[in-house]
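A.B. asks: Below: one structure in structure tokens.
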Amino acid sequence: MAILLFLHFMIIAVFLIRFFALRDQTGFHLGMNITMITGGFTGLITGAVLIDYFPFYFIAMTILSAVTGACVGAVNGLFYDSQSALTGLSNGLMMGLMGPMLGAAGDFSMIAVVLEAACIILMIFALSAVPKS
Amino acid sequence: MHELILISAGLLMISHAVFLFRKRVLLTERYANTIVSVIAAGAGLTLSLAHTALFEGQLLWMISGISLLSGCLYGVLSGYMSAAIAGSVNGSIGSAMGIMTGEVLLNPALCGLPTQDGQILLPLFSLLFFILISLLILLSYKY
């Protein structure tokens, strides 16, 4: 499952570079939605994978995944404006708190794969919606 | 310790209400939406985490209702009805998430996890997050 986390961060980095290149043509409403997608899914997948490896450190893993989601959301939001950054910070932290619970309650880790697929599909939708905004 | 967290979150919420009411003429609709939803989410999370640990899972309807109504009150104070809707939705989401996390902290066997030490860390972390959010919002009132 560690390869999934690595893959997720690589995909997020590629999409963030693409969004950074397109940041001048992106409307503020689409920017806010993109921020929520990246921060939320990063928090969820990080929590769901990390709780598989370290089930004895539930609290530390919850805080770590929350901080990761909040950082990714805030960094992506700063491409657009400060209100998007604030929304991404809050949403990433919320989803990061939920991630370890989701990973621990569903025993098998298939849920991380499904979340990863949903994340990629939503990012492609968002990327294709940029020229219209 | 949990009482301190609960009281300081309440004080922060009251000061946010005062600031929102004072600065309501400066707010545009999008800005009001953003700050009301963020304040409501952070307040609901902190309040319900501390409350669940303090009362050991009793009186959960009370804290959920307080979070929802405080989000609605912030929106009404800022003067936009859409902000009231966004605030109540985000407040109820934040309080639901805080209640879930607090119940798992009280009884980790709900998720099939072993018992853990340091259960004060998570409410403390959420209070720190709420203070950070409050500082960012108070700084952003200038512009």
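Even glycines carry a Cβ here, placed using N, Cα and C.
As annotated in TrEMBL:
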type	residues	note
TRANSMEM	A:6-22	transmembrane segment
TRANSMEM	A:34-51	transmembrane segment
TRANSMEM	A:57-79	transmembrane segment
TRANSMEM	A:86-105	transmembrane segment
TRANSMEM	A:111-130	transmembrane segment
A.B. asks: Decide whether the stretches the transmembrane segment (A:111-130) and the transmembrane segment (A:57-79) have at least 3 CB pairs under 8 angstroms, with pairs required to be 6 or more apart in sequence.
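C.D. replies: Answer no: the transmembrane segment (A:111-130) and the transmembrane segment (A:57-79) share fewer than 3 Cβ pairs below 8 Å.
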A.B. asks: Counting only pairs 6 or more apart in sequence, are there at least 3 Cβ pairs under 8 Å between the transmembrane segment (A:86-105) and the transmembrane segment (A:6-22)?
C.D. replies: no
A.B. asks: Residue list, the transmembrane segment (A:6-22) vs rest of chain: Cβ under 8 Å, 6 or more residues beyond ends.
C.D. replies: 34, 38, 42, 45-46, 72, 75-76, 79, 116, 119-120, 123, 127, 130
